[in-house]
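Student: The structure that follows is given in the form of structure tokens.
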Amino acid sequence: MDGGKRKKYRGWRCRIRSITVSMAPHVTCFRITPELRKLGSFQVAQRRMTGRRCLRAFISGFFVAVPVTVTVLDKLAYVARVEGVSMQPFLNPGGGSECDVVLLNRWSVRNYQVQRGDIVSIVSPKNPKQKIIKRVIGLEGDFIRTLGYKNRYVQIPDGHFWIEGDHHGHSLDSNSFGPVSVGLLHGRASHIIWPPSRWQQIKPFLPLNRGPLDTDEEQD
Amino acid sequence: MFRRVLGKTLGFVGYTIQYGCIAHCAFEYIGEFVVCSGPSMEPTIVNHDVVFSERMSRHLCKIQKGDIVIAKSPFDPNVNICKRVIGLEGDKICTSSPSNLFKTHKYTIGRHLDKVIETQHKAKSASAIHQMKVPKGHVWLEGDNLKNSTDSRSYGPIPYALIRGRVCLKLWPPHTFGTLSESPTQRINKPPSNSDSD
């Protein structure tokens, strides 16, 4: 009998309070009723759930998008803007006004295979943070006549190749630092993709008089 | 039925690509395990040792003198070499190089040209010691086992970009687990440290 009286008393007080709140909504209620408390905590929990869901979605997206993008840029293809005049007139014929943008194929150089006449990008032997784009003139074992190097004729050692810019005299290339190790190869320029008027595929082309020389070796 | 199989296959392919890319990023930017072979780094690293080389120092250009590095061989990019950095760009290296090439080659250029080009490498006596400066963007590598190591003393300094990673931890054999010791040779010129007492 006592328990029943207590229950009735509690229910009656709750009902009075909830009526007071609804009749005077601008009045701040200092004592939160059990019903209101349940409603409030449910809303807070819902907001927390949405926040956690957003965070989880962001993290899972991040862990998919970033590794895939980085792997594609490292292994498949890379886009680079060509700066400077060392490859004129083929690349950047307009000088500083509009720079060409080329697509570098990194998949075709994964086994370090290049041909004479290819335009390649390598990590600069003078500055490991910089990449330079030049044309391959000679491969290992070739005999090359140099333009401005310390030796007039050079035989390219194993595992090295000789690169030159098309614009002789305005180019930092093998004529300054000698044969370059094939391990520095970064990518092969396959297409010019900007500006749209110059969209074309880059084919291997060896300039006249820059090919390897025929030699007969006699050893004493 | 077919759609379920296709869906499952595509899901499997998607997961393979995702985890393959994560693995590539880990090996390329964090570190890799390397099995060493050869006697050129004895006694620090012996044949069949497994070491862990981290890649971050190389990408941030923080390789220092005295570090053991894994680098691509300048003569064959598919072969890796493991040596110690003795000098960075701008450092002066004393080298005696008694094994310089003494060959003389005569080449006839073209069938029509009568020019005979003679290239001769200067013969150096065994006791001549000369100092050379490591050029910009290059490093000088030497093995710890100076008597049995082909390194920069034979092929000269190598470009910094050929370095793949810095060896930081030896993993196998278990009784030598831990960081690697300092160079046993006296080839590294450490700059004189500032001392308070004169």
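Note that Cβ sites are derived from N, Cα and C of the backbone, with glycine treated the same way.
Annotations for this protein, taken from TrEMBL, read as follows:
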| type | residues | note |
| --- | --- | --- |
| ACT_SITE | A:Ser86 | active site |
| ACT_SITE | A:Lys134 | active site |
| DOMAIN | A:57-145 | domain 'Peptidase S26' |
| DOMAIN | A:151-194 | domain 'Peptidase S26' |
| TRANSMEM | A:54-73 | transmembrane segment |
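Describe the structural context of each listed feature in the structure shown, including burial, neighbouring residues and relevant distances.
Tutor: Cβ neighbours within 10 Å of A:Ser86 (active site), excluding its own Cβ and spanning all shown chains: 22.
The Cβ neighbour count for A:Lys134 (active site), using a 10 Å radius over every protein chain in view, is 23.
Across the domain 'Peptidase S26' (A:57-145), mean pLDDT in this model comes to 90.
Beyond the transmembrane segment (A:54-73), the same-chain residues lying 6 or more positions past its ends with a Cβ under 8 Å from any Cβ of the stretch are 106.
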Student: Would you mind reading off the Cα separation of A:Lys134 (active site) from A:Ser86 (active site), to the nearest angstrom?
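Tutor: Cα-Cα distance, A:Lys134 (active site) to A:Ser86 (active site): 8 Å.
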Student: DSSP on A:Lys134 (active site), three-state: which is it?
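Tutor: Once the DSSP labels are grouped into three classes, A:Lys134 (active site) ends up as strand.
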